[in-house]
Amino acid sequence: MSKPTREEATEAVRTLLKFIGEDPTREGLLKTPDRVINSYTEIFSGYGKDVEEILNTKFYDTCNFQDFISLEGIKFTSFCEHHMLPFNGTVHIAYIPDNCIVGISKLARIVNIFAKRLQIQEKMTVQIAESVQENLKPLGVAVKIAALHSCMSMRGVMQDHSIMNTMHYTGIFAEQQKYRHEFLNLTTKR
């Protein structure tokens, strides 16, 4: 499959405007197709980013730190791959290092990479956890995502306050309940 040109994408937006009964040549909509393409270029910029590159800078002189490291409250907005409607929420990540750590901002960058793609929350949860596990090789990783989905609030069942929670664990978090419990206690308070 070849990538459409910018002109083809812009024309597709014009076609959608016509489909919903709008006139793409009226004054208020003249620049809308181009604005939509500019927005989508930014919103879906995660496709052009490499997680391995983000996690490439590791710190090995960590004073043998082998306790829980967590970053809580990472805000994100993504788009569901089923309806192309936004879902937004919060990600909590924890890991227990083995021989290296990563700058804490890198964890937020990973969330941004996966959020800026068409997604389902379940897959995004696994992608974040597994990418940290594969690149840092910690003793374990825990990820929890809590999100509101526009596909449930703007259409269908019209539930605008329902929050979906997903969790994924690797290593010691998957194997030992005490670590999961500590992680969930920490993230439930938020």
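Including glycine, each Cβ sits where the backbone N, Cα and C put it.
Around the Cβ of CYS151 (Zn(2+) binding site), a 10 Å sphere holds 16 further Cβ atoms from the protein chains shown. DSSP assigns CYS151 (Zn(2+) binding site) to a helix. Taken from Swiss-Prot, the feature Zn(2+) binding site covers CYS80, HIS83, CYS151.
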Can you see whether DSSP assigns HIS83 (Zn(2+) binding site) to helix, strand or coil?
coil
For HIS83 (Zn(2+) binding site), list the number of other Cβ atoms lying within 10 Å of its Cβ atom.
15
